[in-house]
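As annotated by TrEMBL, transmembrane segment applies to 39-62, 235-256, 262-280, 318-339, 364-388, 453-481, 501-525, 603-626, 638-656. Look at TrEMBL and you will find 705-730 tagged as region 'Disordered'.
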Amino acid sequence: HINQQKNKYFIMKRLNLSFGEPKKYDPNFKGPIQNRGCTDIVCCILFIIAILGYIAVGILAWSQGDPRKVIYPTDSQGQFCGQAGTPLANKPLLFYFNIMKCASPMVLLEFQCPTTQMCVEKCPETFMTLVKAYSNKKDFDHYKTFCKEGGIPKILSLGLCPAMLIPSKPFTRRCFPALGKTGGVVTVGNNSHFDDGRGNMRDAKDLVDGVKNATVVIEARQAVMKIFEDYTQSWYWILIGLVIAMLTSLLFIVLLRFLAGIMVWVMVVMVILVIGYGIFHCYMEYAALKGEAGANVTFQELGFQTDFTIYLQIRQTWLAFMIILAIVEVIIILLLIFLRKRILIAIALIKEASRAIGHVMSSLFYPLFTFLLLAMVIAYWAVTAVFLSTSNEPIYKVFNETECDHSRKTCEPANYSTSAEKVQCPDSECLFAFYGGETAYHKYLIGLQFYNVFLFFWCANFVTALGQMTLAGAFASYYWAVVKPDDMPAFPVFSSLGRSLRYHTGTLAFGSLILSIIQIIRVFLEYLDHKLKGAQNKFTKFLLCCMKCCFWCLEKCIKFINRNAYIMVAIYGKNFCSSAKDAFLLLMRNMIRVAILDKVTDFLLFLGKLLIVGLVGIFAFFFFSGRVKAFENTAPNLHYYWVPILTVAVGSYLIAHGFFSVYAMCVDTLFLCFCEDLERNDGSAARPYYMSSTLREILWKTAPEDPSARQQDDGDVLLKQPQSQEEEAA
């Protein structure tokens, strides 16, 4: 037996040496180091410079941008239709003089129909030509409302009036012909033919191409505008849903503090029930659509639709939802079955974390501070992005029906009537084409957008890292306190936050920078894949897929290393690289415990997040979809009711993640402190353990169930023997 212990000792000593020397006993170590210096100063300076540059970019964007370009349609003079406080405030709709010109290929190149466009109060409702308008005063007055200032001309070539009016309907604040079908024949205003105003009879189907091309120009914008309008109609209900998610998360955390074991099993059972209800609901929708007209259409046959509610009217959508939820349900049940023993251990670990949180109750509210900072970062990024994208200048070009050497060239509308181009091409017009610019600022707009995205990632990761280091310092002060809570700081969270900002801003910026570089590379790969779609061969697809997979794995690894590095920085005050190395080696010396206990705890906390998202998501679904009659008159009238539902679901997950991250950070901090405690101390009167007896029972006495873990523990004990015993054993 003695020889076996000797062999185990030497094997474990060599194994530990391969992952670095274990921590030595230090009688002066009493938890997080108070006397520390600034770390990673160079990266701190770089981060401050980057933030100052970010502020400069924001100021430049706000001074040059104009969000009205996104909100309002623009007429041929570059004026906004329907903007309050302008002469066009009562004219919210854009009218095309000749919609058939939108069938020109130049529409797709210049994103503007080569015809005069003007703001009108309402769209034309009947067929009418200029010749017909002269014969009736009422028609004459109606026709004048669709002419430019200057009255009714007798010569149409002056371009002040449209040659004809076509019955139209407003769509995305623009007037499009009211097309329909009667007996398989395309009609407009119930007529299959119409007079084009020049004595020619045209088929209604001639308008189809023009309407299609005009729709292509605004197809992306119309979906965005509908979503934007839905947000304006439902933002306060979304906020109420997010507040409900916050209160639910806080309630779960408080109950977890006092009823950890019961609440964990309640979460497990309710997650299974919520997902089960989702499967049942999808099946009922799938069965209800049986026999409905058009319900058996496949995704491939349907194609891409900007009206996403169409997808909810086909059976294949609900079948896909049902299969996905069923797979998730089976995976969770199997994991619960195979990890049932480890779950009992993880529950005990969560109980211990609850005791720590009980002594640091202010940590429960720290996610609100993190959420506020992240909201500021997201808002600054979004506003800057909008202003940058709308900081172009209006570009005017020459449009002409006949042959003209100056056609499609840039022009100035103010003095175009007296210009040489107008003399050479009398029937030409200088019309608004698009927003652009040729200055140095406009040429580097894409670079400024890239900088905006990169700083968004960097700042968001910095805020997250600050929260992790702050909580790690607070919980480490709890663990290393001999008498709890007497030996703890009066305000552990504020003390840790102050240390992190005062000494380790550079370290936080360094870790966040590494993670941000990887994330921006992933964004670039997604952008590249989107741009090359359809033009890439199989090898390119394979290469891009491999790169995206590799960088996804790398991002997960960096997040894991950063998280544990911040814990070591919070305790010892070293720089990022040294702390990351120490944390990695410490985890490698305790890899069995990491794999078995720490990740099972993360899985249980993840189920808690799913439960909150499921409960709030179901409530949002029944409210916004109008399925419950009690809310039928209360719910807002929306284009896409899934927009607020999806927003509430994603927001609920982020809020739940923020609250449960307190428990996750507490567990990770206690785990690393426990591993260090085992290496520093031996449980004797001279070197007592700082861990509680409960935590020692959880993480030590249960570990020998695994043979390798038993060897690890034996090695830990032997490594703590005095030097004289070591020499004697040798």
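Glycine residues also receive a Cβ, built from the backbone N, Cα and C atoms like all the rest.
Residues of the same chain lying 6 or more positions beyond the ends of the transmembrane segment (453-481) and with a Cβ under 8 Å from any Cβ of it are 29-32, 47, 50-51, 53-54, 356, 359-360, 363, 366-367, 369-370, 373-374, 377-378, 381, 385, 487-489, 492-493, 495-497, 499-501, 504, 508-509, 511-513, 515-516, 519-520, 523, 562-563, 566-567, 569-571, 661-662, 665-666, 668-670, 673-674, 677, 690-691.
The transmembrane segment (364-388) makes no contact with the transmembrane segment (603-626): fewer than 3 of their CB pairs lie within 8 A, with pairs spaced 6 or more apart in sequence. Here the listed stretches are 39-62, 501-525, 603-626, and the one with the most C-beta pairs under 8 angstroms to the transmembrane segment (235-256) is 603-626.
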